[in-house]
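A.B. asks: Handing you this structure, nothing more for now.
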Amino acid sequence: MRTTEQPIDSVLRPSDEVAEALAQGAPVVALESTIISHGLPQPRNLEVARELEGLVREAGAVPATIAVLDGVARIGLDEDDLKRIATESGLRKLGFRDLAAAAALGASGATTVSATSFLAARAGIRVFATGGLGGVHREWTETQDESADLDTLSRTRVTVVCAGVKSILDVPATLQRLETKGVTVAGFRTDEFPGFYLHTSGQPVDWRVETAEQVAHIMRNQDAFGGPESALIVANPVPLDEQLDPALHDRVLAEALAAARQRGVSGQAITPFLLDYLVRGTGGASLEANLAAVRGNVRLAGRIAAAWSRGN
Ligand code: PSU
Ligand code: MN
């Protein structure tokens, strides 16, 4: 016989600060943890985790870094929790599909864009900032590797501020999949889709917005129309003077892709492998461009969350 349902608060736990902000309708910005655990090198990653939370606060919003710790999806982490995410060895990388299993088995892991956006939406947080989304991998015809980020965003009502999708991916194919899946994409003060480490990917975007208020207005209209609960992607380019040198980017990325193929790296491991290869192969320059992009996204997300919470 089926017993009583598990209540959501047995698996999803906002911090007191986040719960209070949400209850008051104050601005909250969700942050993902995979970028900390798998996307950035130690010990810089812990500093970055703290810095990003500080940038959200400067923008007048409450940060909610999300991760699964000991089987509980935590919305808003304290200093000890952030340390665990940044330093625990063998921490898992959890997508949306892993959440129930991780909760049942008491596992801990960092959450990707797919798991973080799902959990943010469940917790009542509408705005989320990251670096670059996952997407369609370049060797898709052999591997069918398309990040679960895309599918989750097609059925999750969240606004994701990002510097486009990671340039290790097939960017035109990813944009095509976002179109097919009905995910709205708007360039922030740009007509071109950003290229993560690069200011532009060279691909056009259909919609251009100039202000955080315009973004909040799109969000309200998503709700007014109703229908499938899809996301809004706000594509915010890394400033030109902070981007990675495009020639260096292209050269090292070609090497990284060849190395991944030669070593047979695939599945969940490929994104962290390529990002790490780029950091080493560019002498740390890709890391600086990645961080510049994430900082800009976090600041903009704070302003969007504030405009959303003001309701104008
Ligand atoms: N953005 C970054 N660095 C990262 C990621 C995003 O600047 O490491 C992570 C996100 O968590 C994203 C994941 O969801 O990479 C994509 O992984 P995959 O390709 O395996 O879906
Ligand atoms: Mn993948």
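From the backbone N, Cα and C atoms, a Cβ is placed for every residue, glycine too.
Straight from TrEMBL, here's the annotation block:
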| type | residues | note |
| --- | --- | --- |
| ACT_SITE | Glu32 | active site, proton donor |
| BINDING | Lys93, Val113, Ser147, Ala148, Asp149 | substrate binding site |
| BINDING | Asp145 | Mn(2+) binding site |
| ACT_SITE | Lys166 | active site, nucleophile |
A.B. asks: Nearest to the residue listed as 'active site, nucleophile' by Cα distance: which of the binding-site residues Asp145, Ser147, Ala148 is it?
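C.D. replies: So, of the listed binding-site residues, the one sitting closest to the residue listed as 'active site, nucleophile' is Ser147.
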A.B. asks: Out of the binding-site residues I have (Asp145, Ser147, Ala148, Asp149), which ones have their Cβ sitting under 6 Å from ligand 2?
C.D. replies: Asp145, Ser147
A.B. asks: Would you count the other CB atoms within 10 A of the CB of Ser147 (substrate binding site), including those on all shown protein chains?
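C.D. replies: Summing over all protein chains shown, Ser147 (substrate binding site) has 24 other Cβ atoms within 10 Å.
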A.B. asks: Write down the Cα-Cα distance for the residue listed as 'active site, proton donor' and Lys93 (substrate binding site), rounded and given in Å.
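C.D. replies: Approximately 11 Å lies between the Cα of Lys93 (substrate binding site) and that of the residue listed as 'active site, proton donor'.
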A.B. asks: Looking at the binding-site residues Val113, Asp145, Ser147, Asp149, which ones sit with their CA no more than 10 Å from the CA of Glu32 (active site, proton donor)?
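C.D. replies: Within 10 Å of Glu32 (active site, proton donor): Val113.
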A.B. asks: Please list, in sequence order, those recorded positions from Glu32, Lys93, Asp145 with the Cβ less than 6 Å from ligand 1.
C.D. replies: Glu32
A.B. asks: Please give the greatest C-alpha separation between any two of the substrate-binding residues Lys93, Val113, Ser147, Ala148, Asp149, in angstrom, as a whole number.
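C.D. replies: If we measure all Cα pairs in Lys93, Val113, Ser147, Ala148, Asp149, the largest is 13 Å.
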A.B. asks: How many neighbouring Cβ atoms, not counting its own, are there within 10 Å of the Cβ of Asp149 (substrate binding site)?
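C.D. replies: Counting Cβ neighbours of Asp149 (substrate binding site) within 10 Å gives 26.
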A.B. asks: When neighbour density is defined as the number of other C-beta atoms within 10 angstroms of a residue's C-beta, which of the binding-site residues Val113, Ala148 has the lowest density?
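C.D. replies: Sparsest of the binding-site residues Val113, Ala148 by Cβ contacts within 10 Å: Ala148.
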A.B. asks: If one looks at the chain holding the residue listed as 'Mn(2+) binding site', which residues at least 6 apart in sequence have a CB under 8 angstroms from its CB?
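C.D. replies: For the residue listed as 'Mn(2+) binding site', the qualifying residues are Val136, His137, Glu139, Ser266, Gly267, Ile270.
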A.B. asks: Using an 8 Å cut-off from the Cβ centroid of Lys93, Val113, Ser147, Ala148, Asp149, can you name the remaining same-chain residues around the substrate site, in sequence order?
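C.D. replies: The surrounding set, listed in chain order, is Thr34, Gly95, Phe96, Thr112, Ser114, Ala115, Leu133, Gly134, Thr152.
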A.B. asks: Counting across all protein chains present, how many other Cβ atoms fall within 10 Å of the Cβ of Lys93 (substrate binding site)?
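C.D. replies: Taking every protein chain into account, the count is 19.
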